[in-house]
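A.B. asks: Pasting in a structure now, in structure tokens, and then I'll have a few things to ask.
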Amino acid sequence: MSGDRGIRLLIVGPPGAGKGTQASAVAEAYGIPAISTGDIFRANIEQGTELGKQVQEVMASGGFVPDELTNSIVADRLKQEDAQGGFLLDGYPRTTEQVHELDRILAESGAELDAVIQLQADTDEVVKRLTKRALEQGRVDDTEDVIRHRQDLYREQTEPVIAIYAERGAVVEVDGLGTVDDVAARVRDGLAARGLGVHA
Ligand code: B4P
């Protein structure tokens, strides 16, 4: 870990791989905030803020919010007090441009990433999960066409992000199939194997 300044993690994976679900468990175990760009955008839409109005349409279509906007939100969020002792970023970076911005933000504060958790799940499984969530939560971006578009964007824009971190040797691959508890145990083991266990 980066000295006494806590652990800094990313969690990436296709929509429906279970990022949000696992992020809460990991963040709780390490006592760090889980920062989900998707949650930040959804909260703004719900509250009808200016940002919410700006991102509403693109999110409903399954597209990516423009890098410039997303980057500035993350830069501001990471300056907050609770993120000084480490953080888990969920759903960011999603484009190579966002990787460069995160590199810049971290370099500015002299911090480094400790690991990137890559949750893996095949397309059939993620489509099944998101279709189920659509019935339970009614998220506007969980319709079949939009789910497909989000998966395409993930392959085109976010897989190259994982390749960058793999090149840096930062990726912890985790099989996202199975129960939530099974996956959580694999995440814990994967981090522990890199010397990043909760009690390490
Ligand atoms: P997100 O909020 O990140 O949405 P997501 O990719 O669908 O992930 P989510 O966390 O909701 O789902 P999860 O896989 O955990 O992004 C939404 C939108 O915001 C994007 O499309 C984009 O428009 C915008 N956005 C966000 N970040 C951006 C960025 N950096 N740049 C540009 N735009 C950005 O889980 C899915 C479901 O699976 C859940 O219902 C869960 O209960 C279920 N599940 C989890 N684990 C399971 C398991 N083991 N078994 C069965 N079901 C499971």
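The backbone N, Cα and C atoms fix where each Cβ goes, and this holds for glycine too.
Checked TrEMBL, it gives:
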type	residues	note
BINDING	Gly16, Ala17, Gly18, Lys19, Gly20, Thr21, Arg133, Gly178	ATP binding site
BINDING	Thr37, Arg42, Gly63, Phe64, Val65, Gly91, Tyr92, Pro93, Arg94, Gln98, Arg139, Arg150	AMP binding site
REGION	36-65	region 'NMP'
A.B. asks: Under a criterion of Cβ-Cβ distance under 8 Å and sequence separation of at least 6, what residues of the same chain contact Gly18 (ATP binding site)?
C.D. replies: Leu119, Ala121, Arg129, Gly176, Val180, Val183
A.B. asks: Enter the number of other CB atoms within 10 angstroms of the CB of Thr21 (ATP binding site).
C.D. replies: 16
A.B. asks: Check the Cα distances from Arg139 (AMP binding site) to each of the binding-site residues Gly16, Ala17, Lys19, Thr21, Arg133, Gly178 and keep only the ones within 10 Å.
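C.D. replies: Cα within 10 Å of Arg139 (AMP binding site): Arg133.
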A.B. asks: Out of Gly63, Val65, Tyr92, which of these binding-site residues is nearest Gly20 (ATP binding site) by C-alpha distance?
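C.D. replies: So, of the listed binding-site residues, the one sitting closest to Gly20 (ATP binding site) is Tyr92.
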A.B. asks: State the three-class DSSP label for Gly20 (ATP binding site), counting H, G and I as helix, E and B as strand, and everything else as coil.
C.D. replies: helix
A.B. asks: Would you mind pulling the longest C-alpha to C-alpha span across Thr37, Arg42, Gly63, Phe64, Val65, Gly91, Tyr92, Pro93, Arg94, Gln98, Arg139, Arg150, which the record has binding AMP, in angstrom?
C.D. replies: 25
A.B. asks: Arg94 (AMP binding site): which of the binding-site residues Thr21, Arg133, Gly178 is the nearest Cα neighbour?
C.D. replies: Thr21
A.B. asks: Please report the number of other Cβ atoms within 10 Å of the Cβ of Arg133 (ATP binding site).
C.D. replies: 14
